[in-house]
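Trainee: After the structure tokens below, expect a handful of questions from me.
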């Protein structure tokens, strides 16, 4: 077995560069103090301290990874421009995500994408929705497949062996740090891709084996028969809408310093994705007009399906000078490795927080959660490696990674963000299985699953021509809203007794309060100068009407701060000193109401609302203590 010394050296250089940057960026993580209350947020969201510049680069570089550049070159070579949907589809998904979701998600201060699911639908339903999100990240193993493919070309190594070794390197790097390391290495990655690929293009175009690109001899547009129109638009909607509900995306959104910056980040990254798709498209076109028998390539000519996924590294290896190949191959390797850790970090973050912390072991310490996250990185990496070895088509993996996310998660995300008052656990659960079965029974050639449901226009030769993925998604969405409305009406009208509300999300709601999320600000003893909140969300995500304080009514009864006097402050302090209960929880629940538990006999029943000034000059509402039930929990934010 021969080795390309320059290629091996380039990989080593770029791996070392990425590793140094990752370690340096990891040192930016702030010390979390004695209790380490914020270690999760520091590791998973970089302390919400990602600026606009780094955020744009890390968002763009996360999408412009191994699957993006290798898959784009692959489809241009094999099918033409008309079927090159992924770059444009994912760019549009960033625009949609920024306009409809980024602002709302960031304003709520969530930690992961699954937080609103567990907030509205309950922690158990959120844990079930973790599965399609996890499979989506695993199917994003196209990143690892691309890395293995690149290394196999560089050092003439067996593709499976190179995938395993490359995955090991990616896992090792990911375990070094959290989002700080990932974000700053993404900046280096994007620069490597931009410089490396554009540097290789003029040299590859001037290679003697590259023939004319004239449209007279080449069909660059590709072929789109009329009978495939339904399938074509099904794929496009899959990429555009299925590209939104990804933790790898919302991790960047939620790490932004503000909601406005999160939106700007998405819009600019969408433009960056289009720009970064140009070099691999040119590379795919170069490979299509190359007479490979005039090069040192010894594989099948024309390239078969297995070798089409290697179009990009083949062009860099055989059509460019050694020093250019040195830069190009090393850049692709660094880019793919950096993108893979984003996917692994996303999946492990969701499991450690939303499954382990909020479902399995709610009293787990921050150190324990981080340990679980690191173990999850190893497990997810191993499963993704197996998938990368099994499925050879990078572009096929790329499509497959969005399937379950599109059909199951997208309608659920739309519901909990924009229609949270019209959905509940019953509708979510039924919609989950409706979407899953309609998609799974349609078959999948990549996984060798035969179609059990033959939708209209089914062809034995071409498979499902009906847009059945979009049909499954819309069916899931309609089911979610329909079943939720039906169950709500049945329970509230008395047709079904409260004892039948097994999920405790409509009428049979427990009196106790169980906070779903983690605190983002330090919890401390209440004082008259602090902002006071309590949580009305319980484990199923719904709010017990008996605990509501009538926020709308309270707002109309606000007293001016000029009416405060020292007597009011003294009475407030007296009541707080006697009975104040602190609960560690999040200020981000479905319905937030400002309240405080106080048993002050001197408090007048007519004084329904008191207004105080916190040290931050924010106006906080404190309902009268008589409207608060015994045993209610409260939290306070500095």
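Heads up, the Cβ atoms here are built off N, Cα and C, so glycines get one too.
Small disclaimer: the values here were computed from a predicted structure and weren't measured.
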Trainee: Looking at 161-180, 301-320, which one does TrEMBL call transmembrane segment?
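Mentor: It is 161-180 that TrEMBL describes as transmembrane segment.
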Trainee: Choose the correct range: of 209-228, 349-368, 429-448, which one does TrEMBL annotate as transmembrane segment? Give that range.
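Mentor: My reading of TrEMBL: the transmembrane segment range is 429-448.
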Trainee: With pairs 6 or more apart in sequence, are the transmembrane segment (75-102) and the transmembrane segment (232-250) linked by at least 3 Cβ pairs under 8 Å?
Mentor: yes
Trainee: Counting a contact as 3 or more Cβ pairs under 8 Å, with residues at least 6 apart in sequence, do the transmembrane segment (232-250) and the transmembrane segment (323-348) touch?
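Mentor: Answer yes, regions in contact.
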Trainee: Can you work out which residues elsewhere in the same chain, 6+ from the ends of the transmembrane segment (187-205), have a Cβ less than 8 Å from its Cβ atoms?
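Mentor: Answer is 14, 17-18, 21, 54, 57-58, 60-61, 64-65, 69, 272, 276, 279-280, 282-283, 286, 315-316, 319-321, 324-325, 327-328, 330-332, 334-335, 338-339.
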